[in-house]
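Trainee: Have a look at this one before I ask anything.
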Amino acid sequence: MRREELDSKAQSLYEHLSDLRKCLINCVWILLIATGICYGFSEKIFDFVREPIRPYLPGGGLIYTGPLDKFIAHLKLSFVCGILLSCPFWLYQVWKFIAPGLYAKERKYTMGFIVSGTGLFVLGAAFSYWIALPMAFQFLMTFGGEVDKPMISIDQYMGFFTQMCLMFGVAFELPLVIVVLGMMGIVSQSFLRKNRRYAIMTIAVIAAIITPPDLLSMVMMLAPMWVLYEAAVLIVGVFEKKREDSYAVNERE
């Protein structure tokens, strides 16, 4: 390989790494700004966040054992809400990074990528809040009878709550990742169908790892991810057909 080609490839790699660095810096800045905005409403947000477990707590409140516990909990909550608020921006940054690897006609889906990515993340967090968490608490907080009384700290609850909401939000991005890989030609509909069994097994393992250690939480994540995987397979097929039709038109011309 000639020196000029090596220099060209090295320069291309450097440019990609530089773009990635700019993307990450922009995401960090907007996340910090969004977190600051959410902290201004942290009291009202915390009342909303406490609601799923409130019926199972004596007096309806959480406990804290250190002077900084409540303050740190509000910071954590503001950070999670900041992720939700800044979701459209960092999805746009991700799209800018991967767009050069797509065809010109596929780059027009920028707005669709941002809207669908934001919608899926919010849908995952909402699914966790209104469905997964209430069902998990109904099982976990009533397990073993009513003799024992829960004394759950703010730190424990916030750790559980944020883990569930973030993991469900990220997990619901699965179809978007698969569709983008399909648009880039890395995976095909036939490949996804052929390896469906392994994909579901992988999803089950991931669900078992990232959810709290109870079967109900794992199943609550596995079921919607399976449905979303099947939806992604269909969407990849739609894009493949559009690409084939475009090739056919170009050949006739």
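Think of each number as a place in line: the chain as shown, counted from 1.
Cβ atoms are placed via backbone N, Cα and C, with glycine included.
Residues annotated as transmembrane segment in TrEMBL: 23-42, 71-92, 113-140, 160-186, 198-215, 221-239.
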Trainee: Restricting to CB pairs under 8 Å, which listed stretch, 23-42, 113-140, 160-186, 221-239, is in contact most with the transmembrane segment (71-92)?
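Mentor: Between the stretches 23-42, 113-140, 160-186, 221-239, 23-42 has the largest tally.
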Trainee: Six or more residues out from either end of the transmembrane segment (23-42), which same-chain residues have a Cβ under 8 Å from its Cβ atoms?
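Mentor: That would be 74-75, 77-79, 81-83, 85-86, 89-90, 93-94, 96-97.
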